[in-house]
Every structure is written in structure tokens, then in C-alpha cells.
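Colleague: Here it is: the structure, laid out below.
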Amino acid sequence: MSFTTRSTTFSTNYRSLGSVRTPSQRVRPASSAASVYAGAGGSGSRISVSRSVWGGSVGSAGLAGMGGIQTEKETMQDLNDRLASYLDKVKSLETENRRLESKIREHLEKKGPQGVRDWGHYFKIIEDLRAQIFANSVDNARIVLQIDNARLAADDFRVKYETELAMRQSVESDIHGLRKVVDDTNITRLQLETEIEALKEELLFMKKNHEEEVQGLEAQIASSGLTVEVDAPKSQDLSKIMADIRAQYEALAQKNREELDKYWSQQIEESTTVVTTKSAEIRDAETTLTELRRTLQTLEIDLDSMKNQNINLENSLGDVEARYKAQMEQLNGVLLHLESELAQTRAEGQRQAQEYEALLNIKVKLEAEIATYRRLLEDGEDFSLNDALDSSNSMQTVQKTTTRKIVDGRVVSETNDTRVLRH
């Protein structure tokens, strides 16, 4: 049996590539300020652009940045196109003015001799109008640019407004709580004032009763004709006492009011400080949240692309597996068919070999008998019957050698070698 082995060699040529320079890219914020200035006559146009640039490598989080750069470029291109159109319009108006001036001169030359009328003041008016037209064109371009800048500033202020609105709502909630405390303080103050009024009325009533009792006693003394001298201390001035009490209560109320004002002013200052601190922390947290959201969006986009790539690879793998499975089934069918044919061929070969061996034995026997008969006929009387019997009883061995060459499970060639051995 001989076997052939097929080997396939794949060679890959690598060619060195030249160094490729990749231009550096920067991510710029969407906010920018631009100004346009055009000189007289449409010449010397100058465009100045100021942007706040934040350096950053272009990576997975650079999609929003690239969109902002594209928007800026489109905006500046639009402004430049508008400015160019205005300048072209100014130039066309100047050309039209020169054409009209030439027509006026030709008309004057045809109608009458030169120098009849002085058109200098008209030329001055024309120059003034031309200057006004150019100034208006420049003003229009400047206004358009200011409108665009105002739109960008409005967007910035909108963001600031939303931030300040959140801060204002927080402060309003704090103020609402403080107003409740102030209302409670006012209620307490009203209660104290009511008590003061009640005490005043009670004091007046007691003073009136005291005066009536004094008058009654004086009348009794006068009617009895007695003179009674009482060594008593001088009566106190009730109005002065009331004034002192009122002053004390007012001083106490003023002191309480000042203490409350001071306390709530301090509380408001502390609340304002806390609100300012919390606002800064909130802004930092919002910035961090924005960056995290941008990173999350970038990662989600990468994940979606990876999922799509994985799905495509799985589909390709399924197609390849199905194709190779079909090929393997086909090859297995061919192999089974070849194995069955090989088994049939081997069985047929064995059967033919057995038949050939039987026929060969018969042939050998016949040849031996023919040789014996030939010797009997040729030798005649010299060949005895015993010799013929010995010749016929002699033992013969037939040696058969079969050589087959099989390549890839298929019989390519077959060689048979037969030898007869006598004993």
C-alpha cells in the first residue's frame, strides 16, 4: 500500500509601510464668539474668531465634540458667505453708480456744452449716499453677526437661567420656612401687645377706682368737720409709673425684635452660605453627571457596535458551520459509498482468488496427468506402471503472491505471481 500526502504552504509577503502622520485633533466646546470687520470698499476683510479650547484626545468620548466643531465650522462658513454676499452687493452697487455717472456725463455732453452747470454738489451727495450705503451694508453684516452672537449668548444664558431657577426655588423653599417662623413671631408679638393693652385698661380702671375712693373719703372728712392730718408719703404719679412700665415693655419688645432680627439675619446668612456651597456642589455634580452620561453614551455606542459585530460573526460562523457540515455529510456519504464498494471489491477479489486457486489446482492436476500420459506414450515399455503411480502420487504445492497498490483507499494496480513447488 502506498499513501500520498498533500501539503499546502501559504506564504505571506509583508511590505513595510511608510510612516503616516495623523493630524492632531482637538475637541472644542460648542460655545464660541466671532466678529467680522470689513474695510472700506469691500477690501481688507478681516474675520477674528475667539474660542475657548479644551485639549483632549479624540477617543470614544469625542463624538459630541466633533459635532460641536462641525456646527461651529458651518456657522462661521454661513457668516463668511453672508459677508461675502454683502460685499459683492456693495461692489455691484458701486459699479452701477459708476455706470449711471458715465451715462449722466454722456447725456450732459450731448445736451449742452460742458461747464454750463456745476454738478459738484451732486457728486458730493452721491459720495455721501455711497458712504451711507456702504456703512449700512457693514452695519447689516455687523447686525447679523451680533444676532448670531446674541443667539449663542442666549443659549448660554438659558443654561444659566435654568441653574439660577433651581437655586431660586431652593432659596424660596428656605424663605417659605423662615416666613412661617416670622409669622409665629408676629403672632407672639400680637399676643404680647394684647396683654399690654389689657394691663393698661386694668391700670386705668384701678386708677379711676382709687380716685373715686379718695374723693369719697375727702367728702366724708369734710362733712364731719374733722381735720385729719396724715403723715403719709407723697402719692406717686401713676402716669409716670405707666410711662415707665410702657417704656420697659417697649424696650423689652424692641430688644426682642432686635434679637429676632439679628437671629434671623444670621440664619438667612448661614442659609445663603449653605445654598451657595450646595449650588457649587450641585454644579460640580451636574458636570460630573454630564461627563458620566457622555461616557455612558459612548460606551453604549461601542457596546452596540460590538454586539452588531458579534452578531455578524455569529451569523458568519453559523454559515461556515452549516456549509462545512453539509460538505462533511457529503464526504461521509462518499466515504461510506467507497467503503461499501471497497468491501464488495475485496469480497469479489477473495471469491475470484478462491476460484482461481481451485482452477489452478485442477490445471496442475491435469498437467500432471498429461505429463504422465506423455511419458507413457514416449517411453513405451521403459516406463513402468510403478513410475507412473509414483509420478501421480508426488506432492505439489502452489504458491500464489498477490500485490495490490492502494492510493487514497482505491486500488490502483494489482499483480499476481504464482509458483508451483513439487515435493
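Placement of Cβ uses the backbone N, Cα and C atoms for every residue, glycine included.
Since the structure is predicted, the reported quantities are computational estimates derived from the model, not experimental observations.
Just lifted these from Swiss-Prot, have a look:
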CROSSLNK  Lys73  SUMO2 cross-link
CROSSLNK  Lys240  SUMO2 cross-link
CROSSLNK  Lys363  SUMO2 cross-link
CROSSLNK  Lys365  SUMO2 cross-link
CARBOHYD  Ser31  O-linked glycosylation site
CARBOHYD  Ser32  O-linked glycosylation site
CARBOHYD  Ser50  O-linked glycosylation site
MOD_RES   Thr295  phosphothreonine
MOD_RES   Thr397  phosphothreonine
REGION    2-71  region 'Head'
REGION    62-366  region 'Necessary for interaction with PNN'
REGION    69-121  region 'Interaction with TRADD'
REGION    72-107  region 'Coil 1A'
REGION    108-125  region 'Linker 1'
REGION    126-217  region 'Coil 1B'
REGION    218-241  region 'Linker 12'
REGION    236-384  region 'Interaction with DNAJB6'
REGION    242-380  region 'Coil 2'
REGION    381-423  region 'Tail'
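Thinking about packing and proximity, how do these listed features fit into the structure?
Modeller: Within the same chain, no residue at least six positions away from Lys73 (SUMO2 cross-link) has a Cβ under 8 Å of its Cβ. In the three-state DSSP scheme, Lys73 (SUMO2 cross-link) is classed as helix.
In the three-state DSSP scheme, Lys240 (SUMO2 cross-link) falls into the helix class. Close to Lys240 (SUMO2 cross-link) in the fold, though at least 6 residues off in sequence, lies no residue with a CB less than 8 Å from its CB.
A simple way to gauge crowding: the CB of Lys363 (SUMO2 cross-link) has 13 other CB atoms within 10 angstroms, across all the protein chains here.
In the three-state DSSP scheme, Lys365 (SUMO2 cross-link) is classed as helix.
Within 10 Å of the C-beta atom of Thr295 (phosphothreonine) sit 12 other C-beta atoms, taking all shown protein chains into account. According to DSSP, Thr295 (phosphothreonine) sits within a helical segment.
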Colleague: If I take the alpha carbons of Lys365 (SUMO2 cross-link) and Thr295 (phosphothreonine), what is the distance between them in whole Å?
Modeller: 100
Colleague: Lys363 (SUMO2 cross-link) to Thr295 (phosphothreonine): how many Å between their Cα atoms?
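Modeller: Thr295 (phosphothreonine) has its Cα 97 Å from the Cα of Lys363 (SUMO2 cross-link).
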Colleague: Along the region 'Interaction with DNAJB6' (236-384), what average pLDDT does this model show?
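Modeller: Averaging the confidence scores along the region 'Interaction with DNAJB6' (236-384) gives 80.
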